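Asks: Quick one: the structure is below, and I'll ask about it shortly.
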Amino acid sequence: MTTIMIAVLAIALLATLFGAILGFASIRFKVEADPIVDQIDAILPQTQCGQCGYPGCRPYAEAIANGDSINKCPPGGQATIEKLADLMGVEAEESAHDLEGKVKKVAFIHEDMCIGCTKCIQACPVDAIVGGTKALHTVIKDECTGCDLCVAPCPTDCIEMIPLETTTETWKWQLNAIPVVNISEANPNSATSRDQNN
């Protein structure tokens, strides 16, 4: 019984010692991140699609902080370019990708050809494809960014990019863009003057 207690005590002592060493090392060898990179990364849409030429949003944020162009993110669009220009103190540029007149496209899986290999699921950076191994897959069109990274890995070519028609149901309404002001609260004197005139 005493040998078990000695072994448990020795393991606890070693765990405490290694924990203290790791704690000290994490403080002593801490790598400071550039705060501008974190701010740029927060503005980017985090689709990790690679259309900018970088493997994800964080590497692109680091490249922008080092002087790369701010107009390479198609999912972010012009709004992201303007936010980045404001943050970086530069003039907003037009998108490097010709998005004028282009209809947004989303992936569509022809389910009769799908073999359930899950290669498209692994390639999708935003988890817009659902399905399981040896089961049919489908695309959640509201989540799809149209990056077409899922098309190339498909061994049966059952994925195609189809245009998403803009309707009143699919339009991205920006309800906060137009401020709603209650006139009676905005100008309380006008209500009392109307009452006095009557």
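The count begins at 1 with the first shown residue.
Yeah, the Cβs are placed from backbone N, Cα and C, and that goes for glycine too.
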Asks: Swiss-Prot records CYS144, CYS147, CYS150 as [4Fe-4S] cluster 3-binding residues. Which of CYS124, CYS158 is assigned to the same site?
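Replies: Only hit among CYS124, CYS158 in Swiss-Prot's [4Fe-4S] cluster 3 site, alongside CYS144, CYS147, CYS150: CYS124.
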Asks: In the region 'Hydrophobic' (1-26), how many residues does DSSP call helix, how many strand, and how many coil?
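Replies: Result for the region 'Hydrophobic' (1-26), in helix, strand, coil order: 25 helix, 0 strand, 1 coil.
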Asks: If one looks at the chain holding CYS57 ([4Fe-4S] cluster 1 binding site), which residues at least 6 apart in sequence have a CB under 8 angstroms from its CB?
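Replies: Listed in sequence order: ASP41, LEU44, PRO45, GLN46, THR47, GLN48.
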Asks: Which of CYS49, CYS73 has the fewest nearby Cβ atoms, counting only those within 10 Å, among these binding-site residues?
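Replies: Comparing Cβ neighbours within 10 Å for the binding-site residues CYS49, CYS73, CYS49 has the fewest.
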Asks: What are the non-local neighbours of CYS120 ([4Fe-4S] cluster 2 binding site), defined as same-chain residues 6+ apart in sequence with CB under 8 A from its CB?
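Replies: Set apart from CYS120 ([4Fe-4S] cluster 2 binding site) by at least 6 residues yet with Cβ under 8 Å, we have ALA107, ILE109, ILE129, HIS137, CYS150, PRO153, CYS154, ILE159.
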